[in-house]
Every structure is written in structure tokens, then in C-alpha cells.
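Student: So that we are looking at the same thing, I have put the structure below in C-alpha cells.
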Amino acid sequence: MFNLPMETAWAFLPWPILWLGLALYMYFKLKKEDHWEDTIVKKEKGED
Amino acid sequence: MSSDAIVFIIYLLALLFVGLYFSRKASKSADQYLLGGRNVGPAVTALTMQSTSMSGYMFMGGPALAFQQGWYALWYALGDAGGAIVNLSVLGKRMRRMSEILGALSPIEYLEKRYESGAVRIIGSVISIIFLFAYVFAQFIASGKALESLTGLPYTWALIIGVGVIIAYTVTGGYLAVVWTDFIQGIIMVVGVVGIAILGFSKLGGLSGLNERLGQMDASYLSIWGKDLAYIGQWGVVLGAVLIYSIGYMGLPHVVVRHMSMKSTKTVKSAIMYAATWNQLFVFAPYLLGLMAIVLIPNLSDPEMVIPTLAYEFFPGIMAAILLSAVMAAIMSTSDSILMQTGTILSRDIYQRFIDKNASQNKMVLVSRLCILAAGVIGVIVAIYQPPSVFTLVIFAFGVLGNSFMVPYITSVYSKKSNSIGVLCAMIGGGTTNILWTSMDLQTITAIHPFLAGLVISILGMVIGNKFGSAPSQPIQDAFEKSKGDRRIPRSIDKNISRDLSPEARNISKFIQANQPIKG
């Protein structure tokens, strides 16, 4: 792959995709948490 | 005047303008001057965090390592590319909440208030001032070197002009000027380095073409173990190289303060996406340029000048001018943040804590400005008279700060029972281990990276020290619980509760039905 030895290609090339995948996972996880926190705050204020 | 000089002067004037623009806002209170009123949005948080983290090392030390070792250097880039994601995910929300509950304006004050110990603040201040100074000296020297080689000015004058601009906008505009200039510099850095990388790849036939040429010159350039397989089998070194930049940022006071200044905890999720995207675009490119230099300029005498030489020899004109600004942007965005943090620690953690506890807001802003100015002037004098090896100093200072503070910051929001004895053991043990490991060159004997060694000792220090100190007070334990935020009950427990309660609910409804009064 890209004229690299297999060992080097597998060690280095997947990382940008893995980091972006982790970032996306964290984005949706935190978005869910924010939504949950907003619901709690609204309930505490008696808006629901 | 040449086009690159004009572009560069416009760039410096723009930075000064940002400093002036924020000067009035910064003068309102110590909170505004030192933390920007805790009102920084996601894009600026992400880019200031990243441009602060990526110092002049990325344009000089990183490419030099790739030029000397080939693909092995990419181990450092791997961790670096995810550093911000890890940092924001682990500390972001909790540290933002905790710092506001504690009313901390500096990352060292935060540690004192969380661990309820004046000794933590004194030792923390001493470690951070020494190593932040070392870090900023290295940046100043890099700034002088870069300007000297790129403009032809004498080193001393280049240093004074470059650092003079940094001090001017930092002193006048405070934290807001620093984060907004960092935001602009972050964009310049990525445009400069990606632009040159695209031009470089087009010259060499893409990544495949580059690797083919490298393989023809010396196949070991393509190995994960370095040129001539110098690091073969040394997993302790490789692990340390990956860890230092993936988790080490959580121990740098001038980086973790970005968590404290975010607008709200909701800033974190978008900041992660901005930082992750910026990182994937930026982090790998300087190392790849180092690899290109092996093919394009194999006889380069000073490996640290890989990027400027590539720019001026192969892509002169406007691209070279943008790149000069990008190199200076990387140096300046790190220097201003360190200067700001050094000034904050001197004014808030030393002056206000030990000299004048009742200092007014105006006095604190003035003292902070004077401390930043003094730190900058001392930095310039040292950089003029004692220029040591730039990037050895950066890695050393980075490693010591990371090993001293990373474990204390993480346990401050993840371990309720962690206490002052534990944090003192972690700070002193981790930092001292890194200093000894580096100065005695124990990496060569043990094949273990100094950062990895310091990390292990810091964790052990925290675990063992916690057994001896007393548990934190109730208000701190309450603050710890609040810093976790409102938490949803895990689905498994929720399911069990419903299952446990359902027979009871059924019986209650049967009871009510059976005992209803007969009507009519």
C-alpha cells in the first residue's frame, strides 16, 4: 500500500480514520449528555 | 521590499491590532484579563488549544526527526493527532465545571483549591514557572532563529522584533487577545503546511512516488524502527513516543486552562470535532515534508531548516511568505500562551496568594500585565545570552510538565478520594523521574522513554500517597459530585428497577381496585 512495507502501512495509515471515528463517537455521546442535562434543568424549573 | 516581507509585516500588524482591540475588555476585571470571562466558543477553544500545543517544534524539530529517521518519526505524529480529542474528552466538561465551582482562575490555583493544600500551590507554581520558562526560552530562540534565517536580520534584532510583538499583544489584550490570535495563527499554520505538502506531493508523484524514491535511497527509511533499524524492538520507546503527545497535553498548565475558559460544558462536543479535523490536516504534514526533504534536499546541513529550505528552494514567492508566517504563527501561538500562563501564575498564585491577598481587580490586572512583561523581558535576555539546543529543551520541559501535572488533573475530576499527599507524590515523583531519566540518559540503558517512566512513577505516587493523606472535605466531595454533571441512570439498572418495582405496582393497583367504594 503506497509502496510502504505492510508493517509500516498497518502501523501508521489507519490512525487518522480511527481518531476521526473516536471524535465522532465522542461528539454524539456528549450531545446526548447535553440533551439529558437540558431535560433535567427544564424539569427542575418546572417547564415540562 | 519583497512580497514575503510585506505579507509578514501585515501579519505582525494584524496581531498587534487584535491585542489593542481586546485591551479595553481585558482591563475590566482579573477574570476577564486572565480567563476571558469564561466565554470562549468551540472553534476558538479548539484552535487555541491546538495552535498552543503545536509549537515551533512542529516546523523544525518534527521535520528534522523525519529527515533523519524516516517513517519512524510518524510515531510522534500518531499520538499528536489524537491529543486534543483525548484531552477534551477526558478533562473538558468536568474540569470546566469544577474550576467554576472552586472559583479558580489559574490551573495551579485550581489544584490548590481542589486538593486543599497550600503546599500543592507552592510546589506546583515552582515546577510550572521553571519549566514554562524553559519552554518559552526555546520558543523565543526558535523565533529568533527562524526570523534570522528567513529575513537576514541579525539574531538579536530578529529575536527582539519577534518577541516584542508577542509581548505587546499579550500584555495589552490579555487572555482574549491570546486565544483570538491563536485562532488566526491556527488557520495560517494549517494553510501554510498543507499548501506546501500538496505542492511537494505533486512534485514527487504522491505518497507512492515519495515512498518509492525513499526505498531506492535506503529501505530502512520506510521501516517503523528508524533509519538502520536503530530502534528495533524498543516498544518502551515507541509507547512513550505515542503517549507523550496523546495524553501529555493534559499535564500542560497553558493547555488545560483552555478547559477553564470555555463558554459552557456544551462547548466541548463541537470543540472536539474542530480540533480533530484540524489535527488530521495539520499534524502529519510537517513529518511528511521531512520525508520529502530526504529526496529533494538530501545534503541539507541543518535538518531543523527542512521546511524553510523546501519553501524557498522549490516554492518561492507567496507560498514561501505564507510558510514564513506559518512558522512564526506556530512559535508565537505557543509563546503567548506560555507567557500568559507564567504571568497568571506569578500574579494570581504568588502575588495575590502570598503578598497582597486583598488586591483590587484593577491592581490585579496591572500586576498581571507587569508579570507578563517581566517574564517576556527575562526570556529575551536569556535567549540572547544562553541559546541552548532548542528542541531538546522543548521535549524536556514538555515531558517534565506532563509527568508532574497530568495525573493530578485527571484524578481531580475522576477520583473522589485523591488527596494532597497523593498529588504531591505524583507531581514530585513524576517530574523528578523525567528529569533523572533524561539527564542520565536512562532511555539508552532501559529502552524506556522518559515520559513513560515518569508516568508510571506519577501514577504509583498518586496511588500510594492517597493511602496516607486524609480524605477531602465534604464541600470538595460535593464539588466533585457536581463536576460529574447530571448523570443518567445506566440502562441496566433502570431495567432492574422497573422489574423490581412492577410486582409491587401491580399489587398496589389490585389493592386500590379491590377497595374502591361501591357507588350507586
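Each Cβ is built from the backbone N, Cα and C atoms, and glycine gets one as well.
Any TrEMBL annotation is an automated prediction that lacks curation.
So TrEMBL says this about it:
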type     : residues  : note
TRANSMEM : B:6-23    : transmembrane segment
TRANSMEM : B:44-67   : transmembrane segment
TRANSMEM : B:73-91   : transmembrane segment
TRANSMEM : B:154-180 : transmembrane segment
TRANSMEM : B:187-210 : transmembrane segment
TRANSMEM : B:230-252 : transmembrane segment
TRANSMEM : B:272-297 : transmembrane segment
TRANSMEM : B:309-331 : transmembrane segment
TRANSMEM : B:366-385 : transmembrane segment
TRANSMEM : B:391-409 : transmembrane segment
TRANSMEM : B:421-440 : transmembrane segment
TRANSMEM : B:446-465 : transmembrane segment
Student: Going through B:230-252, B:366-385, B:391-409, B:421-440 one by one, which has the most CB pairs that fall under 8 Å from the transmembrane segment (B:154-180)?
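Tutor: Looking at each of B:230-252, B:366-385, B:391-409, B:421-440 in turn, the most contacts to the transmembrane segment (B:154-180) are made by B:366-385.
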Student: Given the cut-off of 8 Å on Cβ pairs that are 6 or more apart in sequence, determine whether the transmembrane segment (B:6-23) and the transmembrane segment (B:309-331) share at least 3 such pairs.
Tutor: yes
Student: When each of B:44-67, B:272-297, B:309-331, B:391-409 is checked against the transmembrane segment (B:230-252) for Cβ pairs under 8 Å, which one has the most?
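Tutor: Per the Cβ under 8 Å count, B:391-409.
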Student: In the same chain, which residue numbers or ranges, 6 or more beyond the ends of the transmembrane segment (B:73-91), come under 8 angstroms Cβ to Cβ?
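Tutor: Sequence-distant neighbours of the transmembrane segment (B:73-91): 46, 49-50, 53-54, 62, 65-66, 224, 238, 241-250, 255-256, 259, 268, 271-272, 275-276, 279-280, 283-284, 287, 290, 409-410, 413.
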Student: For the transmembrane segment (B:391-409), could you work out the same-chain residues 6 or more beyond its ends whose Cβ comes under 8 Å from its Cβ atoms?
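Tutor: Residues 55-57, 60-61, 64, 91, 95, 107, 111, 115, 120, 124, 127-128, 131-132, 134-135, 137-139, 244, 247-253, 256, 304, 418, 423, 426-428, 430-431, 433-435, 438, 450-451, 454-455, 457-459, 461-462.
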Student: So what's near the transmembrane segment (B:187-210) in sequence-distant terms, Cβ-Cβ under 8 Å and 6+ beyond its ends?
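Tutor: For the transmembrane segment (B:187-210), the sequence-distant neighbours (Cβ-Cβ under 8 Å, at least 6 residues beyond its ends) are 11, 47, 51, 54, 58-59, 278, 281-282, 285-286, 288-289, 291-292, 295-296, 307, 310-311, 314-315, 319, 322-323, 325-327, 329-330, 333.
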Student: Using a Cβ-Cβ cut-off of under 8 Å, list the residues of the same chain that are 6+ residues beyond the ends of the transmembrane segment (B:309-331) and lie near it.
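Tutor: The answer is 3-8, 11, 51, 54-56, 58-60, 139, 142-143, 146-147, 150, 162, 184-186, 188-189, 191-193, 195-196, 199-200, 203, 289, 292-293, 296-297, 300.
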